[in-house]
Each structure stands twice: as structure tokens, then as C-alpha cells.
Amino acid sequence: MFLEKGSDPDRPTARGDIPIFVAIECAGPPVIQALVKHNADVSIRYKGLSVLQAAFEGPSAQDEKAMSAIFDALLKKGADATVTCPDGKTLLHLAVTPEFGHTRVAYLLISAGVKVNAQDFEGNTALHLAGHSRPCVDLLLKSGANPRHVNANGLTPLLSATTHGDKAREPDLETLIKASDLRKINSHAQTALHLAASNGLERTIRLLLRARAETTLVDSSKNTPLLLAVKHQQWSVVSLLTIPPSVNSWDEDGMSALHHIARSIPNSSSTWADIAAAAAPFCQRGVSRSMRDRSGATPLIQAVKTLPEDGRIVLEALLVQTADRRASWNCVSHEDHKKHDALYYAITMKKAVFVEVLLKSGAMFSLEDWIKGPLDSAAPTDRQILKLLAQYEWARRAGSLRRQHGVPDVEPPAFASVFPVKDVRQLLSMGLEVNALPRSPLGTLMFWAVLRQIPLTPAMPPTYLLDMMKVVLDAGANPNISTAKGSRRSPSPQSSEISKESLPLSLQPLTFLLEEHPSADINLVTLLLTKGAKLSTASPYYNGRLPLHSAVRANRIDVVEEFLLQRADVNCEDKSGRTPLFIAAEQGSWKIADALLRRGAKVNIADAEKTTPLHVAAIGGNKRIVAALLREGAKSNIQDSKNMTPLACVLEGSEEKEKDRILWMLKDAAEEETRQAELQRQQREQNASHEARLKQRKAEEADTQLRRQQEEEGKLQKQRNADAHQQTSQEQPPTQKPTKRTKTPPSPPPAEKTHSMSRFKKPSLFFSRSKHSTPPSSTTPTQPSIISIRINTPPFSKSPSAESMQKSTSTSLPKTTPLSTTNPPKSTPTTHTITLGANAPLKPLPTPRIDSGVGHKTPDVMEKALPALNRENSTLDGGASTAAMKKRESGNELKDWLVLSRMMDGL
């Protein structure tokens, strides 16, 4: 607005500021364009700067679009584009520098006449400074920039770009590389590839290699690009440069790139994994790992001597081997000029981690060199190293026992020669653990490693075996530890049982020893037992047999007796349910069978097929074993699952004399068992009958006791009623007529339990002796003691003979007054009681039988008094006895009657 009204665009302010410079510093392109439009002077300088130079210092300098507009306006107005800075740089230098990189501004300047190859005071052209921007490089090259021009430092634009390149902001130098001479070098004889490798410019290296840059050229220090990349730890580009023929080049110290990698310790921007990855391409070529420096050290030796134990991954990378071992030989045993290999340095420098890695990779050593060497077993690190040496020495020797492939005629060495007892003791003293051996064909358990050698050929000497087992057991081996082994049977899809057995099955040491080596030394067996070997553990691999089974199977009577002394279970069973006696009977081992029987072996035990030892003995055809089994109670009539008795199992092919003897013994035993079975059956029937009678007697006694209790309660209730009635009569007024008191007769004495007079073991059901206690009342008249004999007779039919016998008996015995007037049923037995005074003189019985009913004399005075007493006794127990007799059988009553008669005859 001011300019349109005629304001002067070049008029300075009071402080001397010129409007166009103020606009460049404070305003944007529109103000500058307005000033230029109104003819502002663009050739004027302010503080030594032209308007174009001032534009690169203004706020819009980083904005390429704004700068393009400003330069376009100023250049069209006639601003001088050829001005230079105090350092000799042109405006084109400024436009393409990494600070700006304005390609459009550079184009305007080149169009305005700025020389493309103009140099500053350091000899740099605009192309030297434009390496960061491919558009600027392309513009300059199209405008005629010289890519071969060198600056004061002898650098071409390409060398300058690779020298100052940053891998974080790596430029695209494809067009510059194509236009440049790749053999140009700097003052240190380094090419662009050297410089790119030093700075880790991966994209540039790829472009240079694609452009056929040479990788074998060395600088003034004899470094190839690969060596520079390794020394500057540019691990990302090492694999790009690991190509022949420069891969094995060495520097002035005689060290190859792999030597430097093996010595490298990661800096802040790298890790051990980066170093290991960089070493991997070299290790695919055996030559690289065998290169030696001036001291004769290989990269592996340098790594062991230089790296801390944290660099294990680098050591493993140096030792890796592929399928083609000849092409990737790890050179683990190579020595330097002092005849020392990597393992020697690892041991002497106390690097246990490196020792383990080297031994794992096949490092060789002599055990004798380190038994009395510089290592101290008291130091933890030294002790660890000694243990590693012992473990790998064992593994190495164990591997030598395996038959070599392709050499079938060469027999492997004997176990005793590979592992002398002296050497094994030494290995154990160095820390070798008997229960944790390193992986080898012998397994991880030294106990089983020795035990498995017993059945092999050539056989170990007994003394060596015994001494070796003592050393192993004394070192802490477990004599009960089992091992696994595949099933002897091939799995079948039709049988789940066999499929299960195809899995690895366990072995028990003693069982294995006797099964695989039946002639094992008894001293070895005794040693195992002394060290705690158990006899109760089964071995599924051998059908669940226990050591005692195996000892019998081996026909070792000495071992069997030793096991029995150790309290082995003589009736232990295998998977088929068979005890050791089965095996002894099957093999005809008479002495073993006799020893088992003397220890209590069961003779009638049956296996899964219901076969007994007698079945097996009959099949075996040994008459002594058959006889021994029969003597111990073996049953000859028992049948197996095929319904065959031992008699039917006798084989036809047996010796005739033996067969006849066995058949005779089995037949005789069968007949005796039949007789005994019949006797036992009869005895069981008698016992059952007797138990039934006892049960009936108990029931009757319980019934009798209940009746007596009820009668007593009735009497007591009557007595209480009478006493209550008498008390009521006494309390009546005197005017009333007194009632006549009835004298209550004294209660008879309580009945006691009857005792049988029978000569049988248990009391008779119908003959018992009764004792009566004296009534407690003092008013009861004294009566003489009595002996009561009760005779129970069965009911008789109403035949004349029965009736006459009944009359005769009733006339000869005193009558008793029953307690109840109710007549018992006809089936109830009749009870007669003979009561005698205890103080009366005993008289001999008449000659006739007591059951004849004749010959009785007339009772005397003392006998005449007995009926009265007998009536009292009958009153007490007659009713209960009558009820108790209702259920008794007539046959038993008759037996008791006859017994009583015989007893009376003897009086």
C-alpha cells in the first residue's frame, strides 16, 4: 500500500536498515517480490552480503519452495549470481550443501551463469558437497560437473562422499559411482570401497561391488576393505566383503580378518552375537580358521587368549562344523609356535567355560599331562576344569569301544583294557560322577556301564569285575538303580498288551546279572547284597521276575541259599503269577526245590493259568520233586484252566520207570484226597447238625428264662396286691367286721440252671441235674436236701405196649403236682421227676432197669415225704421244662434215655 502511494523501496530506516534486507530477514517471499516489483535495488550490499547471500541466512533458508521464489524474483531483477563467499564458495556451493540441498535453487543459479566446477579455497566443487543428495548430484552431473576433480586433500567427489558418509543417513551414490573412477585413492591409499567399509555404508558397498570395485586393494597399512570393516566393528557389512580372494588377506601384523574378529570385544553399538555372526562366513571355509599370525596362533587361539568367558558364543562360532567336516575343519587342535593349542591356554588361564566348549568340539588332551599338572583341586575353578577333563576322557574312551562303521573285521578293544581300575579311580578323584556320566554309548550310569559288559565277549576277568564293581559302588553308585531296555517282542497292532510291552522296560541289576550271566561269581552277588541290593524289585523286561526267580532259573543253588538267608520272599510272583518253586519244578532242580520248600514255599499256589507246581513237576517228570510236593500237602486233584489234573499232565515221553512212579504217587494221593474229602464232608455235616442243636438249645433256654421271669413277675404282682389288700383292711374303722386273712404259703426256692449228666462234651438236651437254692425267707420250714433226677421221655403212640409201659412207670414213680392244670399237647415229651432226700440213706437200685416199670418197692417214711417236696420243685420248673421240651427231637431223647440207663446200671 505504501509502495503504491509512492514510498521509496530503497529508503533506509533511521538505524540504516535497508527495506529489502529487512524483508529477507523478517518477511517472506511476497514482501520481497513486492519490493522487487517496485524496483528495489537488488545489487546493494548490506553488512558485506548481497541480497542472494542474505537469503541463505534468512528464516526461509530451509524452505526450498520459498527460497526458489525469492531467488527467482531476485535473479530476474538482475541480482548477481556469481558472487562468492569469503571462503571461496559460490552460491551453488551453498545451495547443494547438506545444510540446504535445494535442487531448484541450484538449477536457477546454474541457469544464471554460475560455474558448475567452480572451486572454493579447499578445492571443492559443488559436486564434492552434493554427495548427500542424489537429485543435486544428478543435476550437477547433467550440468557438466567433473566427478574426477580432486580437492586440496586429494579427494574426488566420490571419495569425499564416502569419507563423510553416515550409515544412519546414508546417501544414494549410484549415479556418482557410475560416473567416478573407482580406483582413485586418498592420501592413505584408500579407495571409495575402503572408506565405505570403514563407515559401514552398506548400500554404497553393494553399489561399489556391483560396479566391480576391487576388494583386494590394500591401503598404506596393508588393510583391505574387509580388514577395515572388521577393525572398525562395522559388522553389518563384513559378510558383504567376505568374498574371495580377499577373505584371507592379512595386515602388517600377519593377522587376517578372522583373527581380528576373534579378538574383538563389542563396543557400545554392538554385541557378542554381532561378532559371532560376522565370524560365521569365515568358518564355512577351513583355510580361514587355519590361518596363523606371526606367533603361529590361529584365530581360535587368539580368541581363547584375548576374549573373556562372556565371549563363549564367538568361540562356538569359530568351532562350528557343518556336514562336510573336511570343508569346515574347526582346527581345534592346531598349535602355535610354542606347541600349545587352544585347550592348553584355556586350562592354564583358568577359563572353564572355554575348556568345556573346546572339549565338546573335540579338543584332544593327555590325561597324564594334567593329573599332576598346574591345577589345584582345592580351587573351585580348577576343580571344575578337572571334572570336565575327567568327563570327556571317559566319553572318549567309551566311544572307542564302539565297532567302527565300514570296518567289520576289526574287533573293538576289551572293556578292561580301555578302563583299567587304576584309571577309573583317577577319573573319579578328578570329579567324575558315577551317576551322571557324560553322554556316550555306555550311558550315564557307570554301574550299568560295567554291568552290561558282563555277558559280552571277550569276558571280563572275575577279579577285574569284582574290583571294578567295588570301586563303582564305593564311589556312590546305587545297586538298586534300574535301567530301561526295549521289549524283546515286536509290537503288534492287534494286541494292546504287546504294544505296551514294546515300550522301554526296566531292568533290576541282580535279575539282569543272573539272567544274562548265569555263571556270575557268587562274590559279586554277595557284594551287591552287602551294598544294599534289594531282592523285592521285579524286572518287567524279564516278565516281572525277581532276583530269586532268576537265581532258580540259572540253577544256582548257592545264590538261592544266599537270597533265602537275606530273607527273600520265597513266594514272590512274576507277571504270570509263578513263584520260584514253579521254575525249580519245571527244570527238575531237586536241591533248589527242597530249599524252597524248607523255607515255606506254597505248594498249592496257582499261576494265571491255574497251574500249580505239581502240574509243572508232573510235566517235568522228576519223581523226587513230585514226592516232595505231595509230602508238603500239594493237591493232586486240582485242575488248571484246561481242566487237567497233575495226573493228566504226565508226559508220555518220560522215562518209563520215573513215569510209573509218578503216576502211582499221583493216583495214591488222589485217592487219599478223595477219602479225606469224604471224611471232611461227613464231619462238616455232623458239625452243622451239632451247631443246629446248640442253636435250638440256646433258643429253648432263652424261652425258658423268659417264662420264668414272667412267672416271677406274676408272683411278685400277686404278693403286692395281697399286701395292699391287707393294709387296706387294717385301715378300716373298728365297727366293720374284720376280714379273714389268708396265709400265703412260702414261695418255693428259685430254680437254677440245669447241668447235664451226659458223658458227651456238651450238655445233653434231655438229661440235666437241677440244684435248688434255699429260699431266703427265715420263716420257710427247713427241708432236707434233695437230689432231683428228671427223665424226659419222647411221646409214644397209643399202642398197648406204650400204654402199659406208661402205667408201669407212673406207678413206680411218685406223682408230681404240675404247676399248670393245662394238659400239654400230645407231641410234648412227658417229664418224670425222682426226688430223694439228701440225708436219707442211699439204697441200691433194684435189679430191673429203671425204664422197665416193675420191681419198685413201696417207699418208706422218708420216701413218702418226697412227693410233697417234689411237687414244690415241679411247681417251680415244671411249666418251663414242659415248654422247653416241645421242640426236641425224639431221636435224641432216646439216645439220652439209653445213656441214662447205662449210667444207672453202673450205680
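Glycine residues also receive a Cβ, built from the backbone N, Cα and C atoms like all the rest.
Marked as repeat 'ANK' by TrEMBL: 87-121, 188-220, 543-575, 576-608, 609-641. Residues annotated as compositional bias 'Polar residues' in TrEMBL: 480-497, 794-806. Look at TrEMBL and you will find 480-502, 674-858, 872-891 tagged as region 'Disordered'. The compositional bias 'Basic and acidic residues' annotation in TrEMBL covers 674-723. What TrEMBL records for 773-791, 807-831 is compositional bias 'Low complexity'.
Within its own chain, the repeat 'ANK' (87-121) has Cβ neighbours under 8 Å at 52-53, 56, 61-62, 64-65, 67-68, 71-72, 75, 81, 127, 129-130, 132-133, 135-136, 139-140, 143-146, 149, 151, counting only residues six or more beyond its boundaries. Per DSSP, the repeat 'ANK' (543-575) is made up of 16 helix, 1 strand, 16 coil. The average pLDDT for the repeat 'ANK' (576-608) in the predicted structure is 94. Mapped onto DSSP classes, the repeat 'ANK' (87-121) shows 15 helix, 1 strand, 19 coil. Taken residue by residue, the compositional bias 'Basic and acidic residues' (674-723) breaks down under DSSP into 50 helix, 0 strand, 0 coil. Note on the repeat 'ANK' (609-641): DSSP counts are 17 helix, 0 strand, 16 coil. Across the repeat 'ANK' (576-608), DSSP classifies residues as 17 helix, 0 strand, 16 coil. Secondary structure of the repeat 'ANK' (188-220) per DSSP (helix as H, G, I; strand as E, B; remaining residues coil): 17 helix, 0 strand, 16 coil.
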